[in-house]
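Take a look at the structure set out below.
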Amino acid sequence: MPSRKFADGEVVMGRWPGSVLYYEVQVTSYDDVAHLYTVKYKDGTELALKESDIRSQSSFKHRKSQSSSSSPSRRSSSRSRSRSPGRPARGRRRSASQSREHKDDKKKTIQETSLALPVLVLFKLSENNTRRYNGEPESTEKNDTSCIILEQKLKPDLEVKRVLEQYSLRSRKDDKKKEEIYSEKKTLVAVKPIEKVPTKTKELEFGGRIGTFTLIFLLPATVFYLLLMCKQDDPSLLNFPPLPALESLWEGRVFGVFLLWFFLQAVFYLLPIGKVVEGLPLSNGRKLQYRINGIYAFILTAAAIGVLLYFQFELQYLYDHFMQFAVSAAAFSLALSIYVYVRSLKAPEEELAPGGNSGYFIYDFFTGPELNPRIGSFDLKYFCELRPGLIGWVVINLAMLLAEMKIHNLSVPSLSMILVNSFQLLYVVDALWNEEAILTTMDITHDGFGFMLAFGDLVWVPFVYSLQAFYLVGHPTTITWPIAAAITVLNCVGYYIFRSANSQKNNFRRNPADPKLANLKFIPTATGKGLLVTGWWGFVRHPNYLGDIIMALAWSLPCGFNHILPYFYVIYFICLLIHREARDEHHCKQKYGLAWERYCQRVPYRIFPYIY
Ligand code: NDP
């Protein structure tokens with residue numbers, strides 16, 4: 001096995017994954033097992049690179065000296081032969097010496113980098129030309145890199161193109177030609193990876209090994225505690241419920257119904273209806289395909305439930321055996337977590353999640369080592385995220401509504417129950433309607449599939465999120481029409497913020513050149529992705545969380561103020577999203593470095609304007 005070539009602390013030139021951009025970086029550590037160097041870019045971004053992607057600084061000396069003289073535009077135009085943005089318009093006259101210099105430079109560039117590239121462009125990013133993104137003079141994006149080499153062939157990625165448009169000073173005449181080149185190349189060349197190559201997870205989240213070990217027991221215990229509390233006449237916090245007999249928690253028939261439900265949803269997922277879309281590029285540049293048919297699954301489920309009700313099936317069976325269903329779902333999610341953990345042991349390293357691959361059993365079991373565990377084209381994580389749990393939540397709510405009517409002998413459900421059911425139905429239908437948007441969320445792009453998501457999707461979501469409806473069955477609450485109207489307005493405001501913020505970001509990530517987003521401004525980053533600084537993402541750094549929290553409050557209010565139990569969801573959700581926001585900030589800081597700091601300066605509040 002060859003020994004490492006570069007020492008810790010050494011300043012070298014590191015290639016940006018998926019491109020031939022070379023930046024000055026410092027080696028911070030080396031992973032003997034994965035043979036990867038962790039390097040830090042000048043703007044703070046940290047990535048893991050292979051040795052072949054690192055060059056000594058001496059091989060770039062010539063270019064560095066060049067980059068310190070003359071204007072960027074002049075330099076790029078004098079050196080470039082490519083049809084890249086830096087290339088002068090065809091027909092522009094050049095002096096013989098310029099032309100000679102150009103040829104020499106090209107030859108040297110190729111020798112220095114040892115890359116068999118047909119055409120190379122070299123230019124330096126200066127403060128002058130970075131001051132122009134979207135015509136916004138006050139927020140500049142200073143790039144500290146000394147030099148960047150661009151290969152014409154590796155530039156079809158639209159996001160890279162956008163950044164180049166922001167940065168490079170070139171004649172407008174070139175634009176049209178460049179557009180043609182890009183559209184031509186886009187069809188030929190696969191999009192290059194923009195995420196880092198997975199390596200061993202070093203920074204442990206969720207309190208590390210002790211934290212995750214605790215959570216594996218604490219999460220199920222919390223669910224059982226909440227369900228037992230809800231069944232009590234007086235669900236005050238300190239009025240602990242008596243523990244049920246163990247044998248009362250399990251019933252084979254209930255487990256059978258749960259399995260039937262899970263596999264019915266799996267069948268709906270596999271139906272060849274709905275479009276197939278690509279996810280974001282993985283670390284190896286590959287894009288997975290996903291079938292978008294969640295809303296059809298929901299409609300089919302609704303039809304199936306309608307048929308059951310027509311044939312007098314008592315849906316309140318769910319209410320009567322609620323705890324047993326929760327136990328069945330928990331047992332199933334545990335088995336699923338074990339399965340995905342075991343299969344991850346044989347998974348190629350590139351398929352492991354950036355955050356769930358620490359080498360510590362408990363931690364990896366909890367966070368999930370594999371990013372996208374699939375059986376053929378059946379994506380376990382994607383399926384569990386939106387189908388059995390989320391649709392199950394709506395069915396449980398409906399069962400609670402019917403149980404309320406039956407137990408309290410009502411001809412129509414209570415106003416509170418109608419509000420809770422309607423608000424949460426809207427939330428679920430929205431998630432399914434906008435199913436594609438989930439492909440850009442942290443759960444899909446960053447987190448592995450382990451106990452956390454399996455339990456979260458299959459147990460926590462359906463059995464904890466339906467707590468308000470469950471509570472209302474045993475604790476009838478009367479609200480007046482004006483109060484109901486005020487709560488409805490609150491829910492609509494939250495929903496509007498939540499939906500428009502998520503759509504804005506999702507559309508921007510999918511197609512930054514979308515004309516509908518032309519009025520939005522963004523900060524370019526070294527990765528080629530932009531960070532929106534106007535619109536919702538210029539209001540607070542996580543406007544979608546703000547909308548979600550407002551809705552969570554609107555879901556609890558119909559339960560009145562007699563007990564804190566129905567407010568568990570909103571309290572837990574604020575904690576969850578504050579923690580999630582901190583995790584996301586950390587990842588974004590690593591990904592975007594200085595650009596992220598500038599974004600934070602520009603948008604100082606995280607979730608709640610003027611508060612947090
Ligand atoms: P987000 O959808 O908020 O995505 C965060 C990512 O967005 C960042 O990692 C970054 O990724 C990108 N981003 C951040 N800032 C900007 C910006 N200024 N411009 C453009 N892109 C930016 O994350 P979540 O997955 O946490 O949330 C998705 C939705 O799900 C939210 O509405 C949330 O409320 C909801 N949710 C609901 C839960 C529930 O239980 N009901 C639980 C968790 C979330 P990159 O740059 O790599 O694209």
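Each Cβ is built from the backbone N, Cα and C atoms, and glycine gets one as well.
TrEMBL annotations: computationally assigned, not manually curated.
The compositional bias 'Low complexity' annotation in TrEMBL covers 66-75.
The annotation compositional bias 'Basic residues' is assigned in TrEMBL to 76-95.
What TrEMBL records for 99-110 is compositional bias 'Basic and acidic residues'.
As annotated by TrEMBL, region 'Disordered' applies to 53-110.
The annotation transmembrane segment is assigned in TrEMBL to 210-228 (among others). Outside the transmembrane segment (210-228), and at least 6 residues removed from its termini, the chain residues within Cβ reach (under 8 Å) are 204, 241, 243-244, 322-323, 326, 330, 362-363, 365-367, 451-452, 455, 459-460, 463-464, 467, 470, 565, 568.
Taken from TrEMBL, the feature transmembrane segment applies to 248-271 (among others).
Look at TrEMBL and you will find 292-311 (among others) tagged as transmembrane segment. Taking Cβ pairs closer than 8 Å, the transmembrane segment (292-311) reaches residues 264-265, 268-269, 271, 273-277, 386-387, 391, 394-395, 398, 428-429, 431-433, 435-436 in its own chain, all 6 or more past its ends.
Packing against the transmembrane segment (323-342) from elsewhere in the chain are residues 220, 223-224, 227-228, 244, 248-251, 254-255, 257-259, 262, 364-365, 368-370, 373, 380, 384, 449-451, 454-455, 457-459, 462-463: each is 6 or more residues past its ends and has a CB under 8 Å from a CB in it. Positions annotated as transmembrane segment by TrEMBL: 323-342 (among others).
Residues or ranges marked as transmembrane segment by TrEMBL: 453-473 (among others). Sequence-distant contacts of the transmembrane segment (453-473) (same chain, at least 6 residues past either end, Cβ-Cβ under 8 Å): 219-220, 222-223, 226-227, 230, 235, 262, 319, 322, 325-326, 329-330, 332-334, 336-337, 340, 368, 381, 384-385, 388-390, 392-393, 396-397, 400-401, 403-404, 407, 414, 416-417, 420-421, 424, 443, 447, 555-556, 558-559, 563, 565-566, 568-569, 572.
TrEMBL lists 479-498 (among others) with the feature transmembrane segment. Nonlocal intrachain contacts for the transmembrane segment (479-498), taken as residues 6+ away from its ends with a CB within less than 8 angstroms of a stretch CB, comprise 415-416, 419, 423, 426-427, 430, 536, 543-544, 546-555, 557-558, 560.
Residues or ranges marked as transmembrane segment by TrEMBL: 519-540 (among others).
Among the features that TrEMBL reports, transmembrane segment is placed at 560-579 (among others).
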Beyond the flanks of the transmembrane segment (248-271) by 6 or more, those residues with Cβ under 8 Å of it: 291, 293, 296-297, 300-301, 304, 321, 323-325, 327-329, 331-332, 378, 383, 387-388, 391-392, 458
